[in-house]
């Protein structure tokens, strides 16, 4: 048996195992099942741990690092993506349009190496992770990747003259000082069973919602007082192999694959566009794809459609019938102005303080 065949077989078994584990976890977290009560004691331990960590930082037993530049954290209080990365891209591009110099820091989930790094266009997902590459590609701003966000911020400030730094996730990273916190909530899944890890999907309690600057709902919401964010596409797909574009509705027959934290949202978005896929195949978030497995999914006349995040990992062995769907963020004019003006005020305040300090230092 050839090595590549054995490798594909092992990857297939790993995929099946991961999918089964994720299905069980989602069942416990998002359904009313008695199984969650068996994990509840561990959630109490988790609560005590995060409470102790919070107190240690609050009482200055552990150090919080502050910088002479505004840091905005875009995160959530549940496990999994709720639309954070598209929002980071949107905010980076909007601030760039307004002539502000923006940098981004990210954890870089799924990468093989742990050293801090600033992304360039030649880096691959195994070096810096799929989401940081996507942010860099779409927004064209400096992106630093490290499990230690303080190191990532210091790297950016060493090489770039920036006005603001955006942290993709990191809400629970207390050592990183910040002046703005935004929480993103997925309106479909919300908080699951409202329990803390591991009995539920929550990283911390809902009390955190009252302490942050903005709470943003991803999806339909009837409450007019809440900032609503919608994800949408422009009805075109891009070829992984040659970069050519095609109307989404012309992509038939189609097989959908998705390896993000909420695959159902992606599948639903495509179906609402009138596409009836032959199959919908879910992969775990940050999944490392196997060329042979993906190639075997389609026949000659079939198209393989994936998320843009998945395309970051698949473009190196792509086929001519593989496509991805770019996703964009939309806010109403009012919500957009509320968000951007609050960020710009902080930038201006920091600039004024720094200028004032420089004058005093010269005296």
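Quick reminder: no glycine exception, Cβ is built from N, Cα and C everywhere.
Annotated features in Swiss-Prot:
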- 78, 79, 80, 81, 82, 83, 84, 85: ATP binding site (BINDING)
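Features as recorded by Swiss-Prot, highlighted on the structure.
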| residue | record | CB count, 10 Å |
| --- | --- | --- |
| 78 | ATP binding site | 24 |
| 79 | ATP binding site | 17 |
| 80 | ATP binding site | 16 |
| 81 | ATP binding site | 20 |
| 82 | ATP binding site | 28 |
| 83 | ATP binding site | 26 |
| 84 | ATP binding site | 24 |
| 85 | ATP binding site | 25 |
_Any further residue of that chain within 8 Å (Cβ to the Cβ centroid of 78, 79, 80, 81, 82, 83, 84, 85) of the recorded ATP site_ = 76, 184, 186, 261, 262
